[in-house]
Amino acid sequence: MSTINTGINGFRSHWPYCLACSLENPKVKVVAINDPFIDLEYMVYMFKYDSTHGRFKGTVEHKDGKLVVNGHEIAVHAERDPAQIPWGSHGADYVIESTGVFTTKDAASAHLKGGAKKVIISAPSADAPMFVVGVNLDKYTSDLTVISNASCTTNCLAPLAKVIHDNYGILEGLMTTVHATTATQKTVDGPSNKDWRGGRGAGANIIPSSTGAAKAVGKVIPELNGKLTGMAFRVPTPDVSVVDLTVRLEKPASYDEIKATIKKASESEELKGILGYTEDQVVSTDFVGDAHSSIFDAKAGIQLSPTFVKLISWYDNEFGYSTRVVDLLAYVAGKDGAL
């Protein structure tokens with residue numbers, strides 16, 4: 001089987017998980033990593049130990065200036081300017097842009113100067129086309145050189161919203177994500193001029209925050225453009241988040257009918273492994289390490305009337321999202337004829 005030679009720019013946040021996910025996907029081979037702020041020895045440490053997901057079960061070391069994972073050597077660079085990263089010299093045709101800095105088409109296109117042929121941004125983008133696995137991959141065309149995998153929350157919300165809209169029609173809706181702490185937050189109160197609440201201590205507060213995840217669904221499902229918006233609450237847990245989608249339906253349905261529809265969709269070829277379904281009495285830690293984008297919690301939702309319903313879906317905002325980035329990469333490469 002042929003493999004996709006891949007580069008990663010930014011070895012922080014969820015990217016140790018993405019590298020781990022790539023090891024499980026025989027179609028993807030990471031050949032180079034760039035991060036100007038992390039030295040090689042620390043990179044080994046970050047990959048080996050994780051407070052939430054535990055120790056890496058394989059082998060990781062550094063040798064001759066390279067990161068070696070399960071015996072596989074990965075070149076490491078420390079360039080600040082994406083245009084200076086020599087992706088081409090490593091045969092890395094595809095690059096995952098994960099710094100959270102170069103999120104526009106223009107900024108991410110700098111990787112093309114170093115020899116990359118395609119860039120996948122692991123964050124929402126203001127102008128790059130966004131794709132969500134299981135939702136709108138049919139819209140991808142090979143002429144696109146910079147694309148976005150949207151956000152972890154959009155990846156949770158969009159599959160659920162698509163199933164509901166396709167079967168019952170969504171007239172309008174509000175989304176709230178109860179979101180685990182992320183590395184951008186403050187451990188204790190500190191300066192945050194643009195977001196005063198965001199400057200408060202993450203471990204001591206439930207923090208209301210903004211999110212563009214619901215509006216972004218309108219970009220991947222155009223029929224829902226302008227019909228959804230939302231907000232977030234940041235909570236002091238290390239991983240796993242949950243979406244609360246409250247919608248007004250066009251077609252009346254009982255909650256049991258809605259559950260059955262979602263369960264059937266979760267077993268379909270299109271959404272199997274993407275949208276999960278559970279009737280267990282679960283809590284957030286039950287989903288640590290879950291690779292689904294979205295796991296519908298049938299016991300947590302409620303209904304006020306046949307056209308007004310609240311739906312709940314969980315997601316591992318680290319591991320689940322990282323898995324989807326690798327899946328998107330493999331899909332795109334297949335469509336490009338690289339596999």
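Just so it is clear, glycine is given a Cβ too, placed from its N, Cα and C backbone atoms.
For the D-glyceraldehyde 3-phosphate site that Swiss-Prot gives as SER151, CYS152, THR153, THR211, GLY212, ARG234, the extra residue drawn from THR104, THR182, THR278 is THR182.
With the fewest other Cβ atoms inside 10 Å of its Cβ, the least crowded of the binding-site residues SER151, THR153, THR182, ASN317 in this structure is THR182. The secondary structure of THR211 (D-glyceraldehyde 3-phosphate binding site), as reduced to three states from DSSP, is coil rather than helix or strand. Of all Cα pairs drawn from SER151, CYS152, THR153, THR182, THR211, GLY212, ARG234, which the record names as binding D-glyceraldehyde 3-phosphate, the longest spans 16 Å. One way to see the shell of the D-glyceraldehyde 3-phosphate site is to take the Cβ centroid of SER151, CYS152, THR153, THR182, THR211, GLY212, ARG234; the remaining same-chain residues with a Cβ within 8 Å of it are THR177, HIS179, ALA213, ALA232, SER241, ASN317. Close to CYS152 (active site, nucleophile) in the fold, though at least 6 residues off in sequence, lie SER241, TYR315, ASN317, GLU318, GLY320, TYR321, each with a CB less than 8 Å from its CB.
Cα of SER151 (D-glyceraldehyde 3-phosphate binding site) to Cα of HIS179 (site 'Activates thiol group during catalysis'): a distance of 12 Å. If you compare Cα positions, ARG80 (NAD(+) binding site) sits closest to THR182 out of the recorded positions HIS179, THR182, THR211, ARG234.
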